[in-house]
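J.: Here it is, the structure in full.
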């Protein structure tokens, strides 16, 4: 029985822990001669029918009747004939005993004995120790079910948002067509007059330049190719109205087919062209939102814990705060960690990297720092730190000092160090070549075998962690990369450049871009001077949240046609973002010293 073996191992472990060596020896000795066979019916049956019935020992029969004969005779005469069986040469041929040597009687006996043992041993009153493993298995199964249900919920919510976006587009188009029809009616008489005048002229004569106005856009007739009589050009106009992010169509007449001309006014395009202003995105629908105001300086990093039950937030004042966002979760794990330097990096497993080369690990249950390391003096800035999802190791990306004043210019060369989380000692340094540019962001794949590293020269490096070698790399951006993430299906990787370009790269066809967005209006140069912009993917990889120099941050639909969303506003730039590992929750940290966790409805 699996539960029995698990309980026995617990008892053995406890005896070793307490130093009860004599008890342990006695325990192991009795286990080796386990008469009860672990309460397993099949083993008990084998013991009985292999030792007692098939041995054929006459001396044991005589011993049995010598010990129990008087008692058996007092019960009745049914046993009287059995006293002769030790002296019968062939009892299997004797009419008195022949039936007891038949196969049918043997099978009936075996079945009866099995049933006798099965009832009390199948459902005995189990001690609490034996319930530990089964309850642990049940809890893990329920957690797995909850995780799957949460992922399904997130998928359904994403699908609903996509449908809402499509419905919003259709309504906008309908409104635009009504406006176009009204404008067309007003100008129809002048258009007909102009056509008649053009028809009367020589067909080779070109139309003189002129400009007419439709709605808010000006159209220069030099742009329109002369058409045969009866065919009128169709003009598609993109408005800059914040309430209209989809294409509006205006017809200059009712005749046949026409060439299409798209006119883009100054400013951002919508999802069909370039990026829209964040004000063009609908505001995210919120189930609940909680704000944490415990910090006294701008937030540099905030992360959900690996379980999602806690949030860690770091600020420029050198403090990291652990807090809970759910009232049902006990606040006993809340804590403040004083690091003495600006926090540069933070991992969900509560690994902390500072600007003075410090690396700390915090144990939530013990509420204490379990390790306090330092990188070499040559590489004092720990720009990023990532824990393996499988192995007890983590990787730190440290940089030497540069000579510039901005955040990127102040970074020199890179050093990637692999650390052992059992000994808290450095294991190896990953090769990057001579004088490598600083590594700004790290990401492990799901099984921890591949590590992606993004550099200030726009390169993406891929490492085989089992071999400790670089296996590939490619130039991804013309400028520095500030954030990198593996896609949810492990077939792609996302990169965010300081120029604001988000690119999804195929890992099956290296160099192929699967999806892209331009976030340059959010990653403004001023905010990039003091902090590293970053992005975060939700659990199913459908939504991409990006930091912003504005008070709101954009949430993009990855490879979707629905318009993006915008977060509720902070009072200053949004400097850090993260998604819950399983739920539709995201956290944002701001230069206004606040941290907010938001649940999407």
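All residue numbers here begin at 1 and follow the chain in the order shown.
Glycine residues also receive a Cβ, built from the backbone N, Cα and C atoms like all the rest.
What you are looking at is a predicted structure, and each value in this text was computed from that prediction instead of being measured.
What TrEMBL records for 58-118 is domain 'ARMC9 CTLH-like'. Annotated coiled coil per TrEMBL: 132-166, in sequence order. What TrEMBL lists as repeat 'WD' is 292-333, 432-473, 474-509, 567-601. Annotation source TrEMBL lists domain 'Anaphase-promoting complex subunit 4-like WD40' at 433-486.
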J.: List, by number or range, the same-chain residues at least 6 past the coiled coil (132-166) whose CB is under 8 A from its CB atoms?
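T.: For the coiled coil (132-166), the list is 2-3, 6-7, 10, 282, 538-540, 542-543, 557, 560-563, 565, 582-584, 600.
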J.: Restricting to the repeat 'WD' (432-473), what is the model's mean pLDDT?
T.: 94
J.: Counting each residue once, how many in the repeat 'WD' (292-333) are helix, strand and coil under DSSP?
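T.: With helix first, then strand, then coil, the repeat 'WD' (292-333) has 3 helix, 17 strand, 22 coil.
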J.: Give me the DSSP three-state residue breakdown of the repeat 'WD' (474-509), ordered helix, strand, coil.
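T.: Going by DSSP assignments, the repeat 'WD' (474-509) contains 0 helix, 20 strand, 16 coil.
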